[in-house]
Amino acid sequence: MDNVISTVRTSTLPEKATKKRDWIATGFHLLFLACAMVGVLSVGTIGWFVFHEGLPAFQQAGVAQIIFGQEWLPPALFGIGPMIVASLISTFGAVIIGVPIAILTAVFLAELAPNWMANIVRPAVELLAGIPSVVYGFFGLVIIVPMIETIFNIPAGNTILAGIIVLAIMILPTVITISETSLRALPGTYKEAALALGASQIYTVFKVLIPAARSGIYTGISLGIARAIGETMAIIMVMGNAPAMPGSLLEPARSLTANIAMEMSYATGIHSSALYSTGIVLLVFIVLLNSCLLYMNRKRTY
Amino acid sequence: MNKFNINNLDLFYGETHALKNISLNIPNRQVTALIGPSGCGKSTLLRTLNRMNDLVENVKITGDVHFDGNDIYQDSDVTALRMRVGMVFQKANPFPMSIYENVAFGLKAQGNKSKDEIDAIVEESLRGAALWDEVKDRLNSDAFGLSGGQQQRLCIARAISMEPEVILMDEPTSALDPIATHKIEELMDELRKKFTIVIVTHSMNQAKRIADKTAFFWMGELVEHNDTAELFNNPVDQRTQGYVSGEFG
């Protein structure tokens, strides 16, 4: 009796179908794996390539000479200290101006705006994300640079301040969109509970909703920072590009990215290698930034 | 002595007529249970009492709701109303904060209490919600680390920290196991001494156990309202009789 039942259960047809399904599943599994590897391999290749090309400059000039050096006179001196400072200040300034505006916009879109208004503001913000950076540069050159010249009464408005303003606008859409998404993803029960306790809407937003959505907001900010520090074209157009240590926000400066983009076409030998080492510094900043994000987004323990 | 007087209340969600001409008095320092099948309007009525329906779009309310004699829909200070009329929700909804911060939240939002005062009220509220002994050593740990029943008692502690006059409870035990439910019901027996309680419940047995008055709702109408024992033992309306005898609903 047992035998009969077992024969019926393991008839050959379903087994074949199962095998075929397994084969398809395995095939897709490999496909997914291959796709995932494209990203990993790209990062690995880029990292290896940049380090391989940049190391000769570090070996010849010395790490301290490059990172802390004040003079950029290829092929003799390769100090990129001023450019590190310019990149950090322009990015930091953009964050200081852009992030508060972006978070308040996200709150407005997610919580306060009537539907019809959100439906105007949101597409406008999304459009901002799609504008090519050369157009931002153009906008900066035509509007912001002359404005700075007039307001501060200086001969050339191509300054770090111009870079900061352009970058602040450029990071808005990233931070707004990701912050709004994470605010909308919160369970409605948080808001309900806070309002039912007699908390005002504004208190609820700042004390419950923004803290609850903070990991998404941090992600938005760090993507914004990555965009700002990696931005090249717009910065070249508005920041003046002088490879000297800037004394104030109203002086021109050259960012790390601008340094690479402007000289790569004609650099050779150790000069070229020094530009790759500029890239190494840029990569290190991005890695540090992501590490900070991971650290801040770790599960908070009270 | 009535805490709430509801007169000829009609409520529409867009085209849906969710509450039909409700008139009901809610007596002070007693437990009033609102029962009825799903979608009968009992939760909607509960949410008109602290104006939580204001959050829903396209709500239209006519008639009036008097709280200690003042019409809450004429008096525009919703914040003050919600401080006096606390609420506990169906699913425990602590904030993603520490246990302490959860209970202190309403007080801090009010913004006129010192740290010492808040500390004292937090302890008192947690004791009032029969949770103090279980959490006193971990006030600074995450509220989500508590069990479902503990989270619900935390929400009750959060509500009573505001020293409200009324506590609205929207099926507070429907997501809890029988033991946690029993604890909350015991707690409500304590709370009735200080607070007016209005509870929406699906469980007729719960209404029988804890409520002084019970109101039966059916399709947006208030069918019958009486002392709990009267309503269950001698229902006047056919529909009430059918529901409490378990024929439908």
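From the backbone N, Cα and C atoms, a Cβ is placed for every residue, glycine too.
Because TrEMBL annotations are produced automatically, they should be read as predictions rather than curated entries.
The domain 'ABC transmembrane type-1' annotation in TrEMBL covers A:84-293.
What TrEMBL lists as transmembrane segment is A:28-51 (among others).
Counting only same-chain residues 6+ beyond the ends of the transmembrane segment (A:83-112), those with a CB under 8 A from a CB of the stretch are 67, 72, 118, 121-122, 125, 160-161, 163-165, 167-172, 175-177, 179-180, 183-184, 191, 201, 205, 209-210, 217, 220-221, 224-225, 228-229, 235, 239, 243, 245-246, 249, 253-259, 278, 281-282, 285. Annotation comment: TrEMBL describes A:83-112 (among others) as transmembrane segment.
Marked as transmembrane segment by TrEMBL: A:124-148 (among others).
Listed as Cβ neighbours of the transmembrane segment (A:160-178) (distance under 8 Å, sequence separation of 6 or more from its ends, same chain) are residues 86, 89-91, 93-95, 97-99, 101-103, 105-106, 109, 125-126, 128-129, 133, 136-137, 139-140, 144-145, 148, 216-217, 219-221, 223-225, 227-228, 231, 234-235, 238-239, 246, 249-253, 255. Taken from TrEMBL, the feature transmembrane segment applies to A:160-178 (among others).
Nonlocal intrachain contacts for the transmembrane segment (A:217-240), taken as residues 6+ away from its ends with a CB within less than 8 angstroms of a stretch CB, comprise 86-87, 90-91, 94-95, 98-99, 102-103, 106, 133-134, 136-138, 140-141, 144-145, 156, 158-160, 162-163, 166-167, 170-171, 174-179, 182, 210, 251-258, 260-262, 282, 285-286, 289-290, 292-293, 296-297. According to TrEMBL, the feature transmembrane segment maps to A:217-240 (among others).
Among residues of the same chain six or more beyond the transmembrane segment (A:274-296), those with a C-beta under 8 A of the stretch's C-beta atoms are 47, 50-51, 53-55, 57-58, 61, 66-67, 74, 78, 80, 83-84, 87, 215, 218-219, 222, 225-226, 229-230, 256-257, 259-260, 263-264, 267. Residues or ranges marked as transmembrane segment in TrEMBL: A:274-296 (among others).
Sequence-remote contacts of a segment are chain residues at least 6 beyond its ends whose Cβ falls under 8 Å from one of its Cβ atoms, and for the transmembrane segment (A:124-148) they are 105, 109, 154, 157-159, 161-163, 165-166, 169-170, 172-174, 176-177, 231-238, 250.
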